[in-house]
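Lifted from TrEMBL, the feature list:
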DOMAIN    49-327  domain 'Deacetylase sirtuin-type'
BINDING   74-94, 155-158, 272-274, 298-300, C316  NAD(+) binding site
ACT_SITE  H173  active site, proton acceptor
BINDING   C181, C184, C232, C235  Zn(2+) binding site
Amino acid sequence: METTKHSAVNLQVAKTVTHGSGWSACSQNILQCRCFSHLALSEYVPACAPVDRHQVELLQDFVSCSQRLFVMTGAGISTESGIPDYRSEGVGLYSRTERRPIEHSEFVRSEAARRRYWARNFVGWPQFSSHQPNEAHIALSNWERAGKLHWLVTQNVDALHTKAGQQRLSELHGCTHRVTCLSCKTVVKRSELQERFMVLNPSWNEESHGVAPDGDVFLTDEQVANFNVPACESCGGVLKPQVTFFGDTVSQELVFSLYDYLSQSDAMFIIGSSLQVYSGYRFALKAKEKHIPIAILNIGPTRADHLASVKVSSRCGDVLPHILTQE
C-alpha cells in the first residue's frame, strides 16, 4: 500500500488566551445551536450523556500542558459530517445490518467481487465525496496552525482532515479519493475514475439500498451483473482504492514513521476511535511504553481506556471547538 505523507512545514504560532475552563458564553451558544444538527445526524451519531464540564476541564488542562500533541482520529469524528461508522452501538453498520466490508483477499482474487465493489462505490461516490469537515475537523486544523498539534494520524479514509486544511497528517488506512493499480502502482484520482465509469456504463442506473461507511452503497448481485469496470490505463492491471481493506496490513514504513512522530511528542490524544483495530491500538501501547500521557475523547468504551489519564465521553463537535490552545 502506498500512503501519501506530507512533510513537516514551518508553522506560524497563533496565540490564544485561555479564559477559565475554556467555556465562554459564545461557546455555550454554539452548543445550543448544534442540537439541531445532532437531531438530523442521529442516524449516524450514537447517543451520549450531556457534556461533563469537569471532564472537559481535565481535558483542557491536558491539552494546555502539551506543547507537541500527537493526535489520532477515528470514525467518531466523521459521523457528525454524515458518514456512518462500523461499530457504534445502535447506529453503526454492524449494529444495523448483517453486511460486512469487503476483504482484501476477496477483492484481489475475485473479478465478481471487484465488480460488485466498484458498482456500489460508483453509485455512492457522488454523495460520499461531497461530505464536508465539521467543527471538530476545523478545530484540529486550527490547533495545527497554532503550533499545538505536532502530528495527526487518522484511521479514516474520507479526506475530511485534508479538506479542513490539515497538513501535518498521515492517513493510516489510505484514502478513498485515490486509486492505485495493483500491478504498476500508478495512482489516479478517484474523481477521474468516476468519469471512466460513466463512459463504460452510459445506461447503467441502479438505486441503492442504504449507504456504508467507506463510500459504497448496498446493491444486489442482479443489479451489478452488467456493470463494467475499467482497467489501469498504464498497464491494464487491476484498480483498487488506495486504502487498507480488512485483512490487509499497514506498511511498516508508515508505522515506523508514525512511531517517530509519537516519540517527538509529549502527549497523545485519541479522538473518535474505539481502537478495536490493532493498527490503531498499537500507537496507544507505544505511547504507554514511552510514558507519554494519553487522553481520549470518544462516545462509549475504547480498548485503551485503562491507559488514559483523561477520558471524555462526548461528541467530538461538542468538545474540540471549546478546547483553547495557548503558547
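The backbone N, Cα and C atoms fix where each Cβ goes, and this holds for glycine too.
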Model confidence over the domain 'Deacetylase sirtuin-type' (49-327), averaged pLDDT: 90
Sparsest-packed among the binding-site residues, when each Cβ's other Cβ atoms within 10 Å are tallied, from G74, G82: G82
Separation of alpha carbons, S78 (NAD(+) binding site) and H173 (active site, proton acceptor) (Å): 15
Listed in sequence order, residues not in C181, C184, C232, C235 with Cβ within 8 Å of the centre of the Zn(2+) site Cβ atoms: L182, S183, K185, T186, A231, E233, S234, G236, G237, L239
When distances run from the Cα of D158 (NAD(+) binding site) to each of the binding-site residues C181, C184, C232, C235, the nearest one: C181
Pairwise CA distance, C232 (Zn(2+) binding site) versus G82 (NAD(+) binding site), rounded so that it is a whole Å: 32
Inter-residue Cα distance where the pair is C181 (Zn(2+) binding site) and N298 (NAD(+) binding site), in Å: 36
